[in-house]
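Below is one structure, written out as structure tokens; the observations come after it.
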Amino acid sequence: MKVLILPGDGIGPEIVAQAKKVLEVLKKDGLDLELQEAPLGGAAYDQYGSPYPEFTQNLARAADAILLGAVGGPQYDKLDRPLRPERGLLAIRKDLNLFANLRPAILYPELANASTLKPEVVSGLDILIVRELTGDIYFGQPRGIRTNEAGEREGFNTMLYAESEIRRIGHVAFQAAQKRGKKLCSVDKANVLETTEFWKEIMTDLAKEYPDVELSHMLVDNAAMQLVKAPKQFDVVVTGNIFGDILSDEASMLTGSIGMLPSASLDVNNKGLYEPSHGSAPDIAGKDVANPLATILSVAMMLRYTFNNEAAAQRVENAVKKVLADGLRTADIYEEGTTKVSCSAMGAAVVAAM
Ligand code: IPM
Ligand code: MG
């Protein structure tokens, strides 16, 4: 099994180095892994002049799974749009057809105090956001900045979903709900936007194929409110690319630390790109203080979804639970009475717990 590692920018290389230690333990214990590495984002621009260069593309296409750190940094903000690190991320998602983005928001009992919400509102929280990742206003054409007939400049994007795109993400979400609490909430803005009125219609139609799953619909503004008001009402949430981008950041913060949350982006065959839900955090890059647990938990998701190896996935997740139970905390989740450790020390502790 070929795993391509894309350290990326900012804290990416530091956190990925810890996840790599975990992969190496699994390899030593008999998992048939071949690890390769390539640049993506700003690092790729620096080396090859493009955020998703051919070198990376060839390895990514050949890989069975990909582990990504994070991309982006202030030094790239002035580049032409197509050269920016974020475009590298969007390009690899689109190139590999990674349309299904799974973003769990789980509250670890040890971290109940890390949330800004009252413990009783969030304790036991376990939500899965299924975000469509290769369509919507992110990719719709036409798009751009132009001067209109009146001589005024304007920016424009196109929100668009084809029926097949809605159906395939719908199937992923219904099937995920079947394996969990059997509740699926589809989020739209059907009172204003035709694209999402259509989305709602297709989700309703799909529900006939999944009689064991209870489908509900919610407007995105209400969903944003309900997520902080009563987040435990949700089991699986399915939504389009832009709403999913926003709601998944919101959901992640219910747990107190975005540094804890992994994500998977899958194609139809469960080939996947796995990455932490957080960004490249340039302000703390190179200081060995970042939280590597989201990246390590992304390895667990890789084992589960691409390699179908539930035992190995749980081995990694249990090691993470163990270090949390032992009181080890990186700075982002530190509280009095626990032990503050560096990024590399956290990685080493997880490896020891394995
Ligand atoms: C995410 C990020 C990306 C997105 C950015 C970096 C392009 O916010 O993965 O959620 O908007 O999809
Ligand atoms: Mg985002």
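A Cβ is built for glycine as well, from the same backbone N, Cα and C atoms used for every other residue.
Pulled from TrEMBL, these are the features on record:
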DOMAIN    2-350  domain 'Isopropylmalate dehydrogenase-like'
BINDING   73-86, 279-291  NAD(+) binding site
BINDING   ARG93, ARG103, ARG131, ASP221  substrate binding site
SITE      TYR138  site 'Important for catalysis'
SITE      LYS189  site 'Important for catalysis'
BINDING   ASP221, ASP245, ASP249  Mg(2+) binding site
From recorded positions GLY73, ASP77, TYR138, ASP221, ALA281, the one whose Cα lies nearest ASP245 (Mg(2+) binding site): TYR138
8 Å Cβ shell about ASP221, ASP245, ASP249 centroid, Mg(2+) site members excluded: VAL220, ALA224, ILE242, PHE243, GLY244, ILE246, LEU247, SER248, GLU250
Collapsed DSSP category at VAL289 (NAD(+) binding site): coil
Binding-site residues compared (GLY73, PRO85) - the one with the fewest other Cβ atoms within 10 Å: GLY73
For ARG103 (substrate binding site): DSSP state (helix, strand, coil): strand
Nonlocal neighbours by CB distance (under 8 Å) for ASP221 (substrate binding site), same chain, sequence gap 6 or more: LYS189
Candidates ASP77, PRO85, ARG131, ALA285 (binding-site residues) - the one closest to ASP249 (Mg(2+) binding site) by CA: ARG131
Where the C-beta lies under 6 angstroms from ligand 1, the matching binding-site residues among ARG81, ARG93, ARG131, ASP221, ASP245, VAL289: ASP245
Fewest-neighbour residue among binding-site residues, criterion Cβ within 10 Å, set ASP77, ASP245, ASP249: ASP77
Using Cα positions only, nearest of the recorded positions to ARG81 (NAD(+) binding site) (ARG93, ARG103, ARG131, TYR138): TYR138
Greatest inter-residue Cα distance in Å for the substrate-binding set ARG93, ARG103, ARG131, ASP221: 27
Around the Cβ of ALA281 (NAD(+) binding site), the count of other Cβ atoms that are within 10 Å: 23
Across the domain 'Isopropylmalate dehydrogenase-like' (2-350), average pLDDT on the 0 to 100 scale: 96
